[in-house]
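> Per TrEMBL, the features are:
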| type | residues | note |
| --- | --- | --- |
| TRANSMEM | 37-59 | transmembrane segment |
| DOMAIN | 43-462 | domain 'Major facilitator superfamily (MFS) profile' |
| TRANSMEM | 79-101 | transmembrane segment |
| TRANSMEM | 113-133 | transmembrane segment |
| TRANSMEM | 139-158 | transmembrane segment |
| TRANSMEM | 165-185 | transmembrane segment |
| TRANSMEM | 191-212 | transmembrane segment |
| TRANSMEM | 275-294 | transmembrane segment |
| TRANSMEM | 314-331 | transmembrane segment |
| TRANSMEM | 338-360 | transmembrane segment |
| TRANSMEM | 372-396 | transmembrane segment |
| TRANSMEM | 408-431 | transmembrane segment |
| TRANSMEM | 437-458 | transmembrane segment |
Amino acid sequence: MKMADSQDIEIGSSGSLYQPFFHKDEKQQNSHDNGNLFMVILCTFVAVMGSFEFGSSIGYSSPTQQGIMEELGMSSEEYSMFGSILTIGAMVGSISCGRAADLIGRKGTMKMSSIISIAGWLIIYLSLGPLSLDVGRFLTGYGIGVNSYVVPVFIAEITPTHLRGALLTVHQVAISTGLLVAYTVGAFVSWRTLALTGMIPCAVMILGLYFIPDSPRWLAMVGCQAEFNAALQKLRGDTADVSREEAAIEESLVTLQHLPKATVLDLFLERNLRLVIIGVGLMVFQQFSGYNGVVFYANQIFTSAGVPPNVGSILYACLQIIVLSLGAVIIDKAGRRPLLMISASGMLLGSLLTGASFGLKEHALVSDMGPMFTIIGIMIYMGSYCLGLGGIPWIVMSEIFPLHIKGIAGSLVTLVSWGGSWVVSFTFSFLMDWNSYGTFLMFAIFCVVAIVFIWKLVPETKGRTLEEIQASME
(Lines of atoms letter the chains of each structure in order from A and count residues from 1; the text may use other names and numbers.)
(Lines give C-alpha, C1' and ligand atoms only; values in the text may rest on other atoms or scores of the structure.)
Protein backbone atom coordinates (compact mmCIF):
# COMPACT_ATOMS: atom_id res chain seq x y z
CA MET A 1 0.00 0.00 0.00
CA LYS A 2 1.49 3.32 -1.01
CA MET A 3 1.16 6.49 1.02
CA ALA A 4 -1.35 8.88 -0.46
CA ASP A 5 0.01 12.06 -1.92
CA SER A 6 -1.53 15.42 -1.12
CA GLN A 7 -3.84 15.32 -4.15
CA ASP A 8 -5.18 11.90 -3.20
CA ILE A 9 -5.95 13.16 0.27
CA GLU A 10 -7.68 16.30 -0.87
CA ILE A 11 -10.07 14.54 -3.28
CA GLY A 12 -10.40 11.23 -1.46
CA SER A 13 -13.54 10.01 0.20
CA SER A 14 -12.23 10.88 3.62
CA GLY A 15 -11.91 14.57 2.81
CA SER A 16 -8.97 16.87 3.31
CA LEU A 17 -6.38 15.74 5.77
CA TYR A 18 -6.13 19.21 7.28
CA GLN A 19 -9.82 20.05 7.60
CA PRO A 20 -12.37 18.28 9.81
CA PHE A 21 -15.33 16.76 8.02
CA PHE A 22 -18.65 15.43 9.17
CA HIS A 23 -20.87 12.66 7.95
CA LYS A 24 -24.38 13.58 7.01
CA ASP A 25 -25.60 11.36 9.86
CA GLU A 26 -23.29 12.88 12.44
CA LYS A 27 -26.15 14.48 14.37
CA GLN A 28 -27.82 11.11 14.66
CA GLN A 29 -24.53 9.51 15.70
CA ASN A 30 -23.96 12.13 18.39
CA SER A 31 -27.42 11.54 19.83
CA HIS A 32 -26.52 7.87 20.17
CA ASP A 33 -23.24 8.85 21.79
CA ASN A 34 -25.11 10.90 24.38
CA GLY A 35 -27.12 7.84 25.39
CA ASN A 36 -24.80 6.79 28.19
CA LEU A 37 -22.29 9.57 28.84
CA PHE A 38 -22.15 8.52 32.48
CA MET A 39 -20.17 5.38 31.62
CA VAL A 40 -17.79 7.29 29.32
CA ILE A 41 -17.19 9.90 32.04
CA LEU A 42 -16.72 7.17 34.67
CA CYS A 43 -14.16 5.44 32.42
CA THR A 44 -12.34 8.74 31.92
CA PHE A 45 -12.36 9.47 35.66
CA VAL A 46 -10.89 6.07 36.49
CA ALA A 47 -8.25 6.38 33.76
CA VAL A 48 -7.10 9.87 34.75
CA MET A 49 -6.34 8.61 38.24
CA GLY A 50 -3.19 7.45 36.45
CA SER A 51 -2.68 11.02 35.22
CA PHE A 52 -3.20 12.37 38.75
CA GLU A 53 -0.62 9.85 39.96
CA PHE A 54 1.68 11.14 37.18
CA GLY A 55 1.49 14.68 38.59
CA SER A 56 1.82 13.51 42.20
CA SER A 57 5.01 11.60 41.38
CA ILE A 58 6.59 14.54 39.57
CA GLY A 59 5.66 16.97 42.33
CA TYR A 60 6.82 14.75 45.21
CA SER A 61 10.51 15.65 45.19
CA SER A 62 10.07 19.43 45.53
CA PRO A 63 8.35 19.86 48.94
CA THR A 64 10.12 16.86 50.49
CA GLN A 65 13.73 17.80 49.71
CA GLN A 66 14.63 19.37 53.04
CA GLY A 67 12.90 16.72 55.16
CA ILE A 68 14.44 13.76 53.33
CA MET A 69 17.95 15.22 53.27
CA GLU A 70 17.86 16.07 56.99
CA GLU A 71 16.32 12.79 58.19
CA LEU A 72 18.41 10.45 56.04
CA GLY A 73 21.56 12.56 55.90
CA MET A 74 21.62 12.69 52.10
CA SER A 75 23.94 14.94 50.12
CA SER A 76 22.75 17.25 47.35
CA GLU A 77 24.16 14.85 44.76
CA GLU A 78 22.28 11.90 46.28
CA TYR A 79 19.04 13.84 46.32
CA SER A 80 19.59 14.96 42.75
CA MET A 81 19.85 11.29 41.78
CA PHE A 82 16.63 10.57 43.68
CA GLY A 83 14.84 13.33 41.77
CA SER A 84 16.12 12.40 38.32
CA ILE A 85 15.75 8.61 38.53
CA LEU A 86 11.99 9.09 38.13
CA THR A 87 12.60 10.01 34.49
CA ILE A 88 14.83 6.98 33.96
CA GLY A 89 12.08 4.73 35.32
CA ALA A 90 9.56 6.42 33.03
CA MET A 91 11.82 5.80 30.02
CA VAL A 92 11.96 2.09 30.89
CA GLY A 93 8.18 2.07 31.35
CA SER A 94 7.69 3.70 27.97
CA ILE A 95 9.62 0.90 26.26
CA SER A 96 7.26 -1.78 27.56
CA CYS A 97 3.96 0.13 27.70
CA GLY A 98 2.85 -0.43 24.10
CA ARG A 99 3.47 -4.16 24.08
CA ALA A 100 1.83 -4.56 27.49
CA ALA A 101 -1.26 -2.65 26.33
CA ASP A 102 -1.54 -4.93 23.30
CA LEU A 103 -1.01 -8.16 25.25
CA ILE A 104 -3.03 -7.67 28.45
CA GLY A 105 -5.33 -4.86 27.36
CA ARG A 106 -5.68 -1.22 28.33
CA LYS A 107 -7.33 -2.04 31.66
CA GLY A 108 -4.78 -4.71 32.51
CA THR A 109 -1.92 -2.33 31.78
CA MET A 110 -3.38 0.44 33.94
CA LYS A 111 -3.85 -2.05 36.78
CA MET A 112 -0.26 -3.24 36.39
CA SER A 113 1.11 0.32 36.49
CA SER A 114 -0.92 1.12 39.61
CA ILE A 115 0.36 -1.96 41.46
CA ILE A 116 3.95 -1.11 40.55
CA SER A 117 3.46 2.51 41.65
CA ILE A 118 2.00 1.40 45.00
CA ALA A 119 5.05 -0.81 45.52
CA GLY A 120 7.27 2.18 44.76
CA TRP A 121 5.47 4.45 47.22
CA LEU A 122 5.65 1.77 49.95
CA ILE A 123 9.40 1.41 49.44
CA ILE A 124 9.82 5.20 49.66
CA TYR A 125 7.69 5.31 52.82
CA LEU A 126 9.79 2.59 54.50
CA SER A 127 13.16 3.86 53.23
CA LEU A 128 16.07 4.24 55.60
CA GLY A 129 18.69 5.30 53.05
CA PRO A 130 19.32 6.57 49.52
CA LEU A 131 19.32 3.16 47.80
CA SER A 132 15.80 2.17 48.81
CA LEU A 133 14.58 5.69 48.01
CA ASP A 134 15.99 5.39 44.50
CA VAL A 135 14.39 1.95 43.99
CA GLY A 136 11.00 3.27 45.06
CA ARG A 137 11.35 6.37 42.91
CA PHE A 138 12.35 4.24 39.91
CA LEU A 139 9.22 2.09 40.32
CA THR A 140 6.92 5.10 40.53
CA GLY A 141 8.67 6.44 37.43
CA TYR A 142 8.03 3.15 35.63
CA GLY A 143 4.36 3.41 36.54
CA ILE A 144 3.91 6.94 35.21
CA GLY A 145 5.87 6.07 32.06
CA VAL A 146 3.29 3.37 31.33
CA ASN A 147 0.37 5.65 32.25
CA SER A 148 1.59 8.46 30.00
CA TYR A 149 0.85 6.16 27.04
CA VAL A 150 -2.02 3.92 28.05
CA VAL A 151 -4.29 6.56 29.64
CA PRO A 152 -4.72 8.78 26.54
CA VAL A 153 -4.95 5.72 24.27
CA PHE A 154 -7.72 4.20 26.41
CA ILE A 155 -9.68 7.48 26.57
CA ALA A 156 -9.36 7.98 22.80
CA GLU A 157 -10.64 4.46 22.12
CA ILE A 158 -13.74 4.63 24.34
CA THR A 159 -14.86 8.23 23.77
CA PRO A 160 -17.45 9.50 21.24
CA THR A 161 -15.92 11.54 18.43
CA HIS A 162 -17.43 14.88 19.48
CA LEU A 163 -16.05 14.58 23.04
CA ARG A 164 -12.70 12.94 22.36
CA GLY A 165 -10.58 16.09 22.43
CA ALA A 166 -12.20 17.49 25.59
CA LEU A 167 -11.93 14.24 27.56
CA LEU A 168 -8.35 13.66 26.40
CA THR A 169 -7.48 17.13 27.69
CA VAL A 170 -8.68 16.00 31.13
CA HIS A 171 -5.56 13.78 31.13
CA GLN A 172 -3.39 16.91 31.18
CA VAL A 173 -5.65 18.70 33.68
CA ALA A 174 -5.34 15.73 36.06
CA ILE A 175 -1.54 15.78 35.78
CA SER A 176 -1.49 19.46 36.73
CA THR A 177 -3.94 18.87 39.57
CA GLY A 178 -1.82 16.03 40.95
CA LEU A 179 1.24 18.27 40.78
CA LEU A 180 -0.54 21.09 42.61
CA VAL A 181 -1.92 18.75 45.28
CA ALA A 182 1.55 17.30 45.90
CA TYR A 183 2.98 20.79 46.36
CA THR A 184 0.13 21.87 48.65
CA VAL A 185 -0.13 18.74 50.82
CA GLY A 186 3.67 18.45 50.96
CA ALA A 187 3.85 21.82 52.68
CA PHE A 188 1.88 20.47 55.67
CA VAL A 189 2.86 16.80 56.07
CA SER A 190 6.07 14.81 56.36
CA TRP A 191 7.72 13.20 53.35
CA ARG A 192 6.69 9.73 54.54
CA THR A 193 3.04 10.77 54.87
CA LEU A 194 3.14 12.38 51.43
CA ALA A 195 4.39 9.06 50.04
CA LEU A 196 1.33 7.34 51.51
CA THR A 197 -0.99 9.86 49.85
CA GLY A 198 0.64 8.96 46.53
CA MET A 199 -0.98 5.52 46.78
CA ILE A 200 -4.54 6.94 46.91
CA PRO A 201 -5.03 7.56 43.15
CA CYS A 202 -3.53 4.12 42.43
CA ALA A 203 -5.98 2.46 44.79
CA VAL A 204 -8.92 4.39 43.29
CA MET A 205 -7.85 3.29 39.80
CA ILE A 206 -7.53 -0.39 40.75
CA LEU A 207 -10.99 -0.34 42.37
CA GLY A 208 -12.58 1.62 39.53
CA LEU A 209 -11.26 -0.72 36.84
CA TYR A 210 -13.63 -3.42 38.10
CA PHE A 211 -16.64 -1.28 37.13
CA ILE A 212 -15.71 -0.20 33.60
CA PRO A 213 -15.31 -2.06 30.28
CA ASP A 214 -12.05 -2.41 28.40
CA SER A 215 -11.45 -0.65 25.10
CA PRO A 216 -13.87 -2.07 22.49
CA ARG A 217 -11.23 -1.57 19.80
CA TRP A 218 -8.68 -3.65 21.71
CA LEU A 219 -11.28 -6.36 22.37
CA ALA A 220 -12.09 -6.47 18.65
CA MET A 221 -8.39 -6.59 17.77
CA VAL A 222 -7.79 -9.67 19.95
CA GLY A 223 -10.91 -11.45 18.65
CA CYS A 224 -13.17 -11.14 21.70
CA GLN A 225 -16.30 -10.50 19.64
CA ALA A 226 -18.92 -10.92 22.38
CA GLU A 227 -16.97 -8.75 24.82
CA PHE A 228 -16.42 -6.17 22.06
CA ASN A 229 -20.16 -5.87 21.38
CA ALA A 230 -21.01 -5.73 25.08
CA ALA A 231 -18.35 -3.10 25.86
CA LEU A 232 -19.41 -0.82 23.01
CA GLN A 233 -23.09 -1.12 23.97
CA LYS A 234 -22.27 -0.37 27.61
CA LEU A 235 -20.32 2.74 26.60
CA ARG A 236 -23.00 4.06 24.24
CA GLY A 237 -26.08 3.09 26.25
CA ASP A 238 -28.44 0.11 26.30
CA THR A 239 -30.84 1.66 23.78
CA ALA A 240 -28.21 3.17 21.44
CA ASP A 241 -27.81 1.80 17.91
CA VAL A 242 -24.10 0.92 17.73
CA SER A 243 -24.29 -1.08 14.50
CA ARG A 244 -22.54 1.57 12.40
CA GLU A 245 -19.73 2.06 14.89
CA GLU A 246 -19.30 -1.69 15.22
CA ALA A 247 -19.17 -2.07 11.45
CA ALA A 248 -16.63 0.74 11.07
CA ILE A 249 -14.32 -0.76 13.70
CA GLU A 250 -14.62 -4.28 12.29
CA GLU A 251 -14.06 -3.04 8.73
CA SER A 252 -10.86 -1.27 9.77
CA LEU A 253 -9.65 -4.46 11.42
CA VAL A 254 -10.23 -6.63 8.34
CA THR A 255 -7.27 -5.07 6.55
CA LEU A 256 -5.09 -5.12 9.66
CA GLN A 257 -5.73 -8.81 10.28
CA HIS A 258 -4.19 -9.68 6.91
CA LEU A 259 -0.97 -7.88 7.81
CA PRO A 260 1.91 -9.73 9.51
CA LYS A 261 2.59 -9.05 13.16
CA ALA A 262 4.07 -5.55 13.45
CA THR A 263 7.72 -5.09 14.38
CA VAL A 264 9.86 -2.03 14.97
CA LEU A 265 11.00 -2.15 11.35
CA ASP A 266 7.38 -1.75 10.21
CA LEU A 267 7.44 1.77 11.60
CA PHE A 268 9.80 2.73 8.79
CA LEU A 269 7.64 1.38 5.98
CA GLU A 270 6.33 4.04 3.62
CA ARG A 271 2.71 3.70 4.78
CA ASN A 272 3.69 4.21 8.45
CA LEU A 273 6.71 6.52 8.30
CA ARG A 274 4.74 9.75 8.01
CA LEU A 275 2.67 8.85 11.06
CA VAL A 276 5.84 8.14 13.04
CA ILE A 277 7.40 11.44 11.92
CA ILE A 278 4.29 13.32 13.09
CA GLY A 279 4.11 11.53 16.46
CA VAL A 280 7.83 11.70 17.22
CA GLY A 281 8.19 15.22 15.82
CA LEU A 282 5.49 16.63 18.07
CA MET A 283 7.16 15.07 21.11
CA VAL A 284 10.55 16.47 20.09
CA PHE A 285 9.13 19.98 19.91
CA GLN A 286 7.12 19.44 23.08
CA GLN A 287 10.32 18.71 25.00
CA PHE A 288 13.06 20.68 23.23
CA SER A 289 11.08 23.91 23.34
CA GLY A 290 12.37 23.79 26.93
CA TYR A 291 9.26 23.53 29.07
CA ASN A 292 10.46 20.86 31.51
CA GLY A 293 13.69 22.72 32.12
CA VAL A 294 11.73 25.88 32.86
CA VAL A 295 9.38 24.05 35.27
CA PHE A 296 12.07 22.04 37.08
CA TYR A 297 14.14 25.17 37.60
CA ALA A 298 11.30 27.71 37.87
CA ASN A 299 12.41 28.87 41.32
CA GLN A 300 15.96 29.34 40.05
CA ILE A 301 14.71 31.33 37.05
CA PHE A 302 12.55 33.63 39.14
CA THR A 303 15.33 34.10 41.69
CA SER A 304 17.88 34.87 38.97
CA ALA A 305 15.54 37.54 37.63
CA GLY A 306 15.02 39.03 41.10
CA VAL A 307 11.46 37.69 41.50
CA PRO A 308 10.40 35.93 44.74
CA PRO A 309 9.98 32.27 43.67
CA ASN A 310 6.79 31.75 45.69
CA VAL A 311 5.10 34.58 43.78
CA GLY A 312 6.03 33.05 40.43
CA SER A 313 4.93 29.55 41.48
CA ILE A 314 1.50 30.75 42.67
CA LEU A 315 0.93 32.72 39.47
CA TYR A 316 1.97 29.75 37.34
CA ALA A 317 -0.23 27.24 39.21
CA CYS A 318 -3.31 29.44 38.81
CA LEU A 319 -2.56 30.14 35.15
CA GLN A 320 -2.04 26.46 34.33
CA ILE A 321 -5.41 25.34 35.69
CA ILE A 322 -7.23 28.19 33.91
CA VAL A 323 -5.59 27.58 30.52
CA LEU A 324 -5.99 23.80 30.64
CA SER A 325 -9.67 24.15 31.53
CA LEU A 326 -10.11 26.58 28.63
CA GLY A 327 -8.39 24.11 26.30
CA ALA A 328 -10.72 21.30 27.35
CA VAL A 329 -13.75 23.45 26.49
CA ILE A 330 -12.61 24.66 23.06
CA ILE A 331 -10.45 21.86 21.60
CA ASP A 332 -13.31 20.02 19.88
CA LYS A 333 -14.55 23.30 18.39
CA ALA A 334 -11.27 25.03 17.53
CA GLY A 335 -9.42 21.86 16.47
CA ARG A 336 -5.96 20.47 17.22
CA ARG A 337 -3.93 22.30 14.55
CA PRO A 338 -5.04 25.87 15.41
CA LEU A 339 -4.35 25.33 19.12
CA LEU A 340 -0.93 23.84 18.36
CA MET A 341 -0.09 26.81 16.13
CA ILE A 342 -1.25 29.32 18.75
CA SER A 343 0.66 27.41 21.45
CA ALA A 344 3.96 27.36 19.55
CA SER A 345 3.57 31.03 18.60
CA GLY A 346 2.87 32.01 22.21
CA MET A 347 5.87 30.02 23.42
CA LEU A 348 7.99 31.80 20.81
CA LEU A 349 6.88 35.18 22.16
CA GLY A 350 7.38 34.06 25.77
CA SER A 351 10.88 32.73 25.02
CA LEU A 352 11.88 35.99 23.33
CA LEU A 353 10.54 38.13 26.19
CA THR A 354 12.23 35.98 28.84
CA GLY A 355 15.51 35.90 26.93
CA ALA A 356 15.35 39.66 26.47
CA SER A 357 14.82 40.19 30.21
CA PHE A 358 17.89 38.10 31.05
CA GLY A 359 19.90 39.90 28.38
CA LEU A 360 18.95 43.31 29.75
CA LYS A 361 19.74 42.17 33.29
CA GLU A 362 23.14 40.76 32.29
CA HIS A 363 24.15 43.97 30.52
CA ALA A 364 22.73 46.17 33.30
CA LEU A 365 20.53 48.02 30.80
CA VAL A 366 17.43 47.94 32.96
CA SER A 367 16.79 47.52 36.66
CA ASP A 368 13.14 47.88 37.67
CA MET A 369 11.54 46.41 34.55
CA GLY A 370 13.71 43.29 34.30
CA PRO A 371 11.74 41.14 36.78
CA MET A 372 8.45 42.23 35.21
CA PHE A 373 9.65 41.13 31.75
CA THR A 374 10.64 37.78 33.22
CA ILE A 375 7.26 37.20 34.88
CA ILE A 376 5.35 38.19 31.75
CA GLY A 377 7.59 36.09 29.50
CA ILE A 378 7.41 32.98 31.68
CA MET A 379 3.63 33.28 32.14
CA ILE A 380 3.06 33.65 28.38
CA TYR A 381 5.43 30.75 27.74
CA MET A 382 3.88 28.39 30.29
CA GLY A 383 0.29 29.35 29.47
CA SER A 384 0.88 28.82 25.76
CA TYR A 385 2.46 25.43 26.43
CA CYS A 386 -0.54 24.28 28.47
CA LEU A 387 -2.93 25.37 25.71
CA GLY A 388 -1.40 23.18 23.00
CA LEU A 389 2.04 21.57 23.00
CA GLY A 390 1.63 20.27 26.54
CA GLY A 391 -1.28 17.93 25.89
CA ILE A 392 -2.25 17.86 22.21
CA PRO A 393 0.78 15.77 21.07
CA TRP A 394 -0.53 12.99 23.33
CA ILE A 395 -4.00 13.42 21.83
CA VAL A 396 -2.67 13.21 18.26
CA MET A 397 -0.50 10.21 19.18
CA SER A 398 -3.58 8.37 20.50
CA GLU A 399 -5.54 9.15 17.32
CA ILE A 400 -3.29 8.66 14.28
CA PHE A 401 -1.73 5.20 14.70
CA PRO A 402 -3.62 2.11 13.43
CA LEU A 403 -4.26 -0.58 16.03
CA HIS A 404 -1.67 -3.03 14.67
CA ILE A 405 1.25 -0.60 15.16
CA LYS A 406 -0.19 1.52 17.96
CA GLY A 407 1.68 -0.39 20.68
CA ILE A 408 5.10 -0.21 19.07
CA ALA A 409 4.68 3.33 17.72
CA GLY A 410 3.22 4.55 21.01
CA SER A 411 6.17 3.12 22.93
CA LEU A 412 8.59 4.92 20.60
CA VAL A 413 6.74 8.24 20.90
CA THR A 414 6.53 7.93 24.69
CA LEU A 415 10.23 7.05 24.93
CA VAL A 416 11.15 10.10 22.85
CA SER A 417 9.05 12.30 25.13
CA TRP A 418 10.62 11.02 28.34
CA GLY A 419 14.10 10.91 26.83
CA GLY A 420 13.74 14.52 25.70
CA SER A 421 12.47 15.47 29.15
CA TRP A 422 15.58 13.97 30.73
CA VAL A 423 17.95 15.70 28.29
CA VAL A 424 16.35 19.11 28.78
CA SER A 425 16.16 18.75 32.57
CA PHE A 426 19.77 17.57 32.79
CA THR A 427 21.22 20.28 30.55
CA PHE A 428 19.06 23.26 31.49
CA SER A 429 21.09 24.46 34.48
CA PHE A 430 24.32 24.16 32.47
CA LEU A 431 22.78 26.14 29.62
CA MET A 432 21.59 28.86 32.01
CA ASP A 433 25.09 29.10 33.50
CA TRP A 434 26.54 29.32 30.01
CA ASN A 435 24.21 31.98 28.63
CA SER A 436 20.77 32.64 30.11
CA TYR A 437 19.35 34.72 27.26
CA GLY A 438 21.03 32.48 24.67
CA THR A 439 19.20 29.49 26.20
CA PHE A 440 15.80 31.07 25.62
CA LEU A 441 16.82 32.18 22.15
CA MET A 442 17.56 28.52 21.38
CA PHE A 443 14.11 27.55 22.67
CA ALA A 444 12.61 30.27 20.47
CA ILE A 445 14.29 28.73 17.41
CA PHE A 446 12.73 25.35 18.25
CA CYS A 447 9.33 27.08 18.48
CA VAL A 448 9.78 28.57 15.00
CA VAL A 449 10.63 25.16 13.55
CA ALA A 450 7.65 23.67 15.43
CA ILE A 451 5.29 26.17 13.78
CA VAL A 452 6.53 25.16 10.33
CA PHE A 453 6.32 21.44 11.22
CA ILE A 454 2.74 21.73 12.49
CA TRP A 455 1.66 23.77 9.47
CA LYS A 456 3.15 21.35 6.94
CA LEU A 457 2.61 17.91 8.48
CA VAL A 458 0.19 17.68 11.40
CA PRO A 459 -3.37 16.67 10.38
CA GLU A 460 -6.60 18.03 11.81
CA THR A 461 -8.35 15.17 13.61
CA LYS A 462 -11.32 17.02 15.10
CA GLY A 463 -14.72 15.56 14.26
CA ARG A 464 -13.45 12.23 12.89
CA THR A 465 -13.62 8.72 14.21
CA LEU A 466 -10.29 7.00 14.77
CA GLU A 467 -10.97 4.79 11.75
CA GLU A 468 -11.61 7.83 9.51
CA ILE A 469 -8.42 9.53 10.68
CA GLN A 470 -6.31 6.47 9.95
CA ALA A 471 -8.00 5.82 6.59
CA SER A 472 -7.35 9.40 5.45
CA MET A 473 -3.64 9.01 6.12
CA GLU A 474 -3.10 5.74 4.28
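Every residue gets a Cβ built from N, Cα and C, even glycine.
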> Please report, as numbers and ranges, the same-chain residues at least 6 past the borders of the transmembrane segment (408-431) whose CB is under 8 Å from any CB of it.
84, 87-88, 90-91, 94-99, 101, 145, 148-149, 153, 262-264, 266-267, 272, 275-276, 279-280, 283-284, 286-288, 290-294, 296-297, 300, 393, 397-398, 401, 438-439, 442
> Does the transmembrane segment (165-185) make contact with the transmembrane segment (79-101) through 3 or more Cβ pairs under 8 Å, each pair 6 or more apart in sequence?
no
> Cβ under 8 Å, sequence separation of at least 6 from the ends of the transmembrane segment (338-360): give me the contacting residues as numbers and ranges.
282, 285, 289-291, 301, 304-305, 327, 330-331, 366, 369-371, 373-374, 376-385, 387-390, 392, 436-441, 443-444, 447-448, 450-451, 454-455, 458
> What mean pLDDT score does the domain 'Major facilitator superfamily (MFS) profile' (43-462) have in the model?
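Looking only at the domain 'Major facilitator superfamily (MFS) profile' (43-462), pLDDT averages out to 87.
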> Any chance the transmembrane segment (191-212) and the transmembrane segment (79-101) have 3 or more Cβ pairs under 8 A, given the pairs are 6 or more apart in sequence?
no
> The transmembrane segment (437-458): which same-chain residues, six or more beyond its ends, come within Cβ distance under 8 Å?
274, 277-278, 281-282, 285, 288-290, 336-337, 340-341, 344-345, 347-348, 351-352, 354-359, 362, 377, 389, 396, 428, 431
> With a cut-off of 8 Å between Cβ atoms, can you find at least three pairs linking the transmembrane segment (139-158) to the transmembrane segment (275-294)? Only pairs 6 or more residues apart in sequence count.
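They do not touch: fewer than three Cβ pairs between the two stretches lie under 8 Å.
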